[in-house]
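TrEMBL lists 181-479 with the feature domain 'Na+/H+ antiporter NhaC-like C-terminal'. What TrEMBL lists as transmembrane segment is 6-24, 31-51, 71-91, 112-136, 188-211, 254-274, 294-315, 336-356, 376-409, 460-477, 483-502.
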Amino acid sequence: MEPIDVGIYSLLPPLIAITLALITKEVISSLMLGILSGGVIYCAFTGAGFMDMVAFPFEVMAKTVGTPDKFNIILFLALLGALVCVVTKAGGSQAYGAWATQKIRSKRSAELATSFLGVLIFIDDYFNCLTVGTVMKPVTDKYHISRAKLAYIIDTTAAPVCIIAPVSSWAAAVGSTLFETGSFNNELSAFFATIPFNMYAILSILMVLTLSFTDLEFGPMADAEWKAETQGDLGAIDQKVSQADKAALPKGTVWDLIIPIGGLIIFTILAMIYNGGYWTKPMTIQEAIGNCNSSAALVLGGFMALILAFIMFVPRKLLSFKDFMSNIATGINTMVPAYIILTLAWTIGTLCQSYLGTGKFIGMLVEQSHLPVELIPAIVFLVSAGLSFSIGTAWGTFGIFIPIVVFICQAAPSEIMTVTLAATLAGSVFGDHCSPISDTTILSSSGAGCNHMQHVATQIPYATVVAISCFISYIVAGVTGGSAPLTLFTGIAVLYLLLFILHKRAKRRQAKAY
């Protein structure tokens, strides 16, 4: 199976999958049809027969999920599902919910606490997506915060934070990709140079903190929050775990949640440092985390946390050995929808990126467009967002697009080069943030216990508001030759203007409807 050039047809599989998912609100069958269409296109251009057309998508799926990184993420999901279930059954979640209610006494405090926790766990986006939801669900449920809002907070404090955090699994990938362009002295300076102009990350964090502190909801999220507040309909899909929480005897303590989850965090960080070679080679902790295989570290951290939970619960008879093992199986089963969606999303991403040449096709269009220098950052932001949305991966997008950006900006001032590279990273994260086939989007809805397509539908309007603000700010950056203060001021001003306008419209619409 060799990569081929199918031109504009390379856009069809993701467009089919995403369009069907948005129309039907059912992501699994939509992804399957998108993958099947990719197989048809590939085999039509290569002249393969009907049996090859049927077999090809499964071969791509096997190769994709069979890679160590992808398989480790599936394992970590299983371990986390098991850990959540045994902690809940032991009464830890119930005790934590009661304790947190005494300390966190308002909806605003609950949302801010969730946002700050998400920002604090900046080491890895996958780790963030699943850990924050596990810890904060008892608290957000208590204050009638919809699962859609929880998923939005989780998702917005994952990749947007990681891409500007110098000690994260993203920093090494971004820094090395930028350094390879030859425009920077070293990887760290390359990474730091783009941070002031990574407007999507900065404005997303500002927006999620603003929405947590205020009540400026709009769009489908406003409806979800209204239902949660007035009808108690949180939009939760993890009822099996919720019922287990209610059935758990009140013999657990708050430490029965804090210690296993804290252990998960500590063990994972130590595993990242170990995996990165800190104890075998002369390097800093930051370098070790940058060099680590984060997916392998997540598995090791999850396994050690599960052992810690066993040591805590079984000797104290919170759970018998049999109950502990049966709840591991139950927890693994609760993650099955996430396994399926992730597998299909990875498959369609690999199909488009590695076999149909989606990235190369979009890159060719940009190269041939002969854009005015002043508009390059804004246009590149939009194009990289579209590519990331289509293939469901920010990493794949900036890996494909950054060399193209360097080629386009060869004759431009160095300041425009830096702004455009930052716009590429920002657009990649925006597309990843919105895409229903993005792994972080899927993990955020899983971590929050929210219907996946509801998470997508409620998050896209918020992410789009940030993206519009970014687009305008990148125009300002291009016109001013890369003025960071003016770029940031413009982005913030447009963001708050749009927030107030859309919130007022949502209030008027709700007043008429309800």
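Numbering starts at 1 and runs along the chain as displayed.
Heads up, the Cβ atoms here are built off N, Cα and C, so glycines get one too.
Contact counts against the transmembrane segment (336-356), taken as Cβ pairs under 8 Å, peak for 31-51 among the stretches 31-51, 254-274, 376-409, 460-477, 483-502.
The transmembrane segment (254-274) makes contact with the transmembrane segment (71-91): 3 or more of their CB pairs lie within 8 A, with pairs spaced 6 or more apart in sequence. Between the transmembrane segment (188-211) and the transmembrane segment (294-315) there are fewer than 3 Cβ pairs closer than 8 Å, counting only residues 6 or more apart in sequence, so the two stretches are not in contact.
Same-chain neighbours of the transmembrane segment (483-502): 196-197, 199, 202-203, 206-207, 210, 216, 218-219, 419, 461, 465-466, 468-470, 472-474, 476-477, counting only residues six or more beyond its ends whose CB sits under 8 Å from a CB of the stretch. In this chain, the transmembrane segment (376-409) does not touch the transmembrane segment (71-91); fewer than three CB pairs sit within less than 8 A of each other, excluding pairs fewer than 6 residues apart.
In the predicted structure, the domain 'Na+/H+ antiporter NhaC-like C-terminal' (181-479) carries a mean pLDDT of 83.
Outside the transmembrane segment (31-51), and at least 6 residues removed from its termini, the chain residues within Cβ reach (under 8 Å) are 4, 6, 9-10, 12-14, 16-18, 20-21, 57, 60-61, 341, 344-345, 347-348, 351-352, 355-356, 437.
For the transmembrane segment (6-24), same-chain residues at least 6 beyond its ends with a Cβ under 8 Å from one of its own Cβ atoms are 30-31, 33-35, 37-38, 41-42, 45, 348, 351-352, 356-358, 361, 389-392, 435-437, 453, 456-457.
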